[in-house]
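Q: Handing you a structure now.
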């Protein structure tokens, strides 16, 4: 049972980081080859981040097949912890209040994705 949850979380985190890399590449290409600036893509970046966490929670819960709310929270929380560790260990910067609100929203979106994903993913054995 625990191995199934860990596998489900790994699928969710893998999905999140894959989608984040692809979204970052697309946004970087838009910035490079158009006249757009970072400020014009601020809302797009936020929406893509929320959507990515929703999909990660959804996939995690669909693979886990039970307790989608818990898998969603753990998926979002794991993502936030990894980002915090990367930021703190790599750049010696903590999270500010604005960033904490963003990550709270990310965790809530992963939770929502988990609650929906467990019901769409099929029945457990």
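Cβ coordinates come from backbone N, Cα and C, glycine included.
Automated prediction, rather than curation, is the source of TrEMBL annotations.
Quantities reported herein were computed from a predicted structural model and do not represent experimental measurements.
Per TrEMBL, the features are:
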type	residues	note
TRANSMEM	12-31	transmembrane segment
TRANSMEM	43-62	transmembrane segment
TRANSMEM	69-89	transmembrane segment
TRANSMEM	101-122	transmembrane segment
Q: Which residues of the chain, 6 or more past the ends of the transmembrane segment (12-31), have a CB below 8 A from one of its CBs?
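A: Hits for the transmembrane segment (12-31): 37-38, 41, 44-45, 48-49, 52-53, 55-57, 59-61, 63, 71, 75, 78-79, 82, 110.
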Q: What same-chain residues lie close to the transmembrane segment (101-122): Cβ under 8 Å, and 6 or more beyond its ends?
A: 12, 46, 49-51, 53-73, 75-77, 79-80, 83-84, 95
